[in-house]
Each structure stands twice: as structure tokens, then as C-alpha cells.
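Presented below is the structure to which this report refers.
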Amino acid sequence: MAPRLCSHCNVSKAVLRRPKTGLLVCRPCFFYVFETEIHQTILDANLFKPGEKVAIGASGGKDSTVLAYVMKTLNERYNYGLDLFLLSIDEGITGYRDDSLETVKQNSEEYGLPLKVLGYNELYGWTMDDIVKSIGRKNNCTFCGVFRRQALDRGAAVLGVDHIVTGHNADDIAETVLMNVLRGDISRLSRCTEIVTQSADADPSQGCGGTVNEDGSSSLDFLGIKRSKPFKYAYEKEIVLYAYFKSLTYFSTECIYSPNAYRGYARAYLKDLESIRPSAIIDIIHSGEALKVGWREEENSQENGEGKQSNSTASKGQARQVQQTCKRCGYITSNELCKACVLLEGLNKGVPNLGIKSSVKVGGVSENDAAGTAANRVQPRPTTAMLRAAASAF
Ligand SMILES: Nc1ncnc2c1ncn2[C@@H]1O[C@H](COP(=O)(O)OP(=O)(O)OP(=O)(O)O)[C@@H](O)[C@H]1O
């Protein structure tokens, strides 16, 4: 039987069926279409400006490894004019992050991209190993997620970066849409499909980076830092195939502390849908985008005084809160203290649940309020000098 030909070039033998389209393709055409689709996403969203300094959030996993490789390739091929480097956060998880950071270091040398590593230890005085020792495995992902987001912002601010790109892919975004639908969380649903966010747009439940001076001003300019997801429409299966056919080195072990059960359900459901209908992933992202428009229109009409009251139960009490500056560390937050400071306070005082149920009122006082009253009694956040020293070592 004659070999089946690539549906793109009609010349070479097809070596795979694209998970996203079902089309048979040869290896060079697969590389080309995969990279070109990312390039198109970048153009459509006008993601970069020439001369921009861009940090690639590098965990050593498949997504960020492929992202680093593709960003370097496209930057050279299409003359984006970007100053690219890798930014890794060391959460302090022995047997996991230490090994994956070795992979990042190897890739940094291979791709010729400078690497900056920042640790939870130096930023917060706690590693994830310490945190798990103190609080056990329940809720540890909350600490890690909040601290990582802030750590990336801090690293970017210290290094004067304009923009952070992460390897979040189409599957991740579709899972998040499903999770927000299942929770009826319209506010997060309206944001989770955005390809670009600003530090000031950060999810209010997440801390944001920064350092406060003695006079209360913030030394690090993190407000202008953009975050984006160039892999928004890239399928996880294609990212894995790309890494495989390019023989990229990545670290594939799951985090030893990550039993994110709820996302696990959404993931399993999404995989089932994908096996029946591969376009389900993109369809869910598009439907999340459409729902976002509905929410925004409602928001606007309320702001314009056209609709006095929302009929949506889910949207009640979920309108965007006013952003302010964290009283302790100077970062943007919707409360007196940013989430990271509340979590840290709980850890330092030996009451780790303090920040976990921050919206729950205890004895009529919200835990955030309680945290605010004790603002001056806990360990200070890392000083600007410490962060500048970290930057100069880079
Ligand atoms: N420790 C870290 N340091 C720097 N960036 C990180 C780190 N952890 C996650 N990221 C960024 O956030 C993205 C999504 O992270 P997530 O934990 O969901 O991992 P993932 O989907 O397994 O991605 P990857 O395969 O790149 O590890 C990563 O692709 C990476 O860009």
C-alpha cells in the first residue's frame, strides 16, 4: 500500500494525525503549521512590541520548554525584536523543582537564553517543603499558586521586564472555563479566557508582586507588567508531539504535592469530550469568550446607569472590587492586605487557615480584617535592597 501523503505538502509521507484538526501531516509541515498558528495568535492579539523585554516563565515542564523554543524561533524568523530570557521560580520542593530547574538550566544554555531563578525561600522565608511540613498537604496548592504568581511579578519587576509569557495552553484554559462555569463564578469566567492580563488586572484572590519602602511607596514598577499566553489556542497533545519530534528536553514528573482534585475532574471531562469531538477544546474557549462579552455588557450597562440591578444571582456580590495597594507590601489588591501577605501572616503565626477562607466571616469579622489589625506584628517582606541584589546577580 502506498504511504499516505501529508495533506499540506502532498509530497512527503505523513507521520502523524494532528490532534487539533485530524489532518495527516509530515514532520516538517507539522512544525511549520504549529509554529505559524502561534505566530498568528501573537499577531492577532498584537502581543509584542519591538524592543520589549520578555520573560518566559520557565518551569522545565513541556509547555514552558516548548514555549521557550518556539518564542526563540519566531523571534528570529519574524524579527519580533524581543529581548528574551527565562524566569524560573524555585518553590523549594525537593525531588521536584530542584530536578526540573536542572532541565531549565540546560535549556537556557542550549537556546542561548539567560536565566534568572528566584526562590520562595528568599522572597517569603518559606519553601513549599517547609509549608507542607507546617500545614500538611491540604490547601498547600493555594499557598503555592498565590506565591508563584507574586514571585513571577516580583522577578519581572526586579529585572525591569515589560512582559511575562507563560505556557498555559488551550486545554488549561478550557479546563478553567469549565471550572468557573461549574462554580458559577462569572467574574473569573469573564477573565480566564483573556490572552493578555496586566498586573493590576490580577485575579483579586491572587497576590501581586512588589516591595514597599519605608515611606510607604512602592519601589518596584510592577503595574505595567503584561502577562500573556501565546499558547492560548495550542492543544496540549500537539505541544507534547512538538517536543517529542524536536527531541526537546523537558521534565515530566507531576508535582509531588499537587492533588488538585477539582481541576482533575475538569481535565478528565475535557479529555472525554476531546476524544468524541477534538474541536471541543476550542469550542469551550470560544464559548467562554462569548460569555465574557455578556458579562462585560452587563457591567457597562450598569456603569452607564442603564440597568440598575442585575438579575443574575451569581453576579451579585461578584462585581469587580476596587483595586488598592497592599498596606504591608505595596502590591495591588482588592483588600487591605494582598492574599500573599495574609497567607504569610497565617504561616508566621502558626494559623495557616487565616488566609485560606479569607472571604468567610469569623465572629462577624472577616479574616482579612483580622489580618489587617495585626499588620505591623509580622515579619517584614523582602526589602528592595535584597531584590536589587538578586537582580544584580543576574
Ligand atoms: N516554577 C515556575 N517558574 C516559572 N514559571 C512557572 C513555574 N511554574 C509554572 N510556571 C509557568 O506557568 C505555566 C503554567 O504552569 P502549570 O503549573 O499549569 O504547569 P504546566 O501546565 O505543567 O506547564 P509546564 O509544562 O510548562 O510545567 C507554565 O507553563 C510556566 O510558564
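Positions of Cβ are set from backbone N, Cα and C atoms, glycine also.
Taken from TrEMBL as is:
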DOMAIN    53-199  domain 'tRNA(Ile)-lysidine/2-thiocytidine synthase N-terminal'
BINDING   Gly57, Ala58, Ser59, Asp63, Ile89, Gly167, Asp172  ATP binding site
REGION    296-317  region 'Disordered'
COMPBIAS  302-317  compositional bias 'Polar residues'
DOMAIN    324-354  domain 'Cytoplasmic tRNA 2-thiolation protein 1 C-terminal'
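The structure, with features from TrEMBL marked on it.
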residue : record           : DSSP (3 states)
Gly57   : ATP binding site : strand
Asp63   : ATP binding site : helix
Ile89   : ATP binding site : strand
Gly167  : ATP binding site : coil
Asp172  : ATP binding site : helix
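Most other Cβ atoms within 10 A: among the binding-site residues Ala58, Ile89, that distinction falls to Ala58. Within 10 Å of the C-beta atom of Gly167 (ATP binding site) sit 23 other C-beta atoms, taking all shown protein chains into account. Neighbour density for Gly57 (ATP binding site): within 10 A of its CB lie 23 other CB atoms from the protein chains shown. Each of the binding-site residues Asp63, Asp172 was ranked by the number of other C-beta atoms within 10 Å, and first place falls to Asp63. Site extent for ATP: the farthest pair of Cα atoms among Gly57, Ala58, Ser59, Asp63, Ile89, Gly167, Asp172 sits 20 Å apart.
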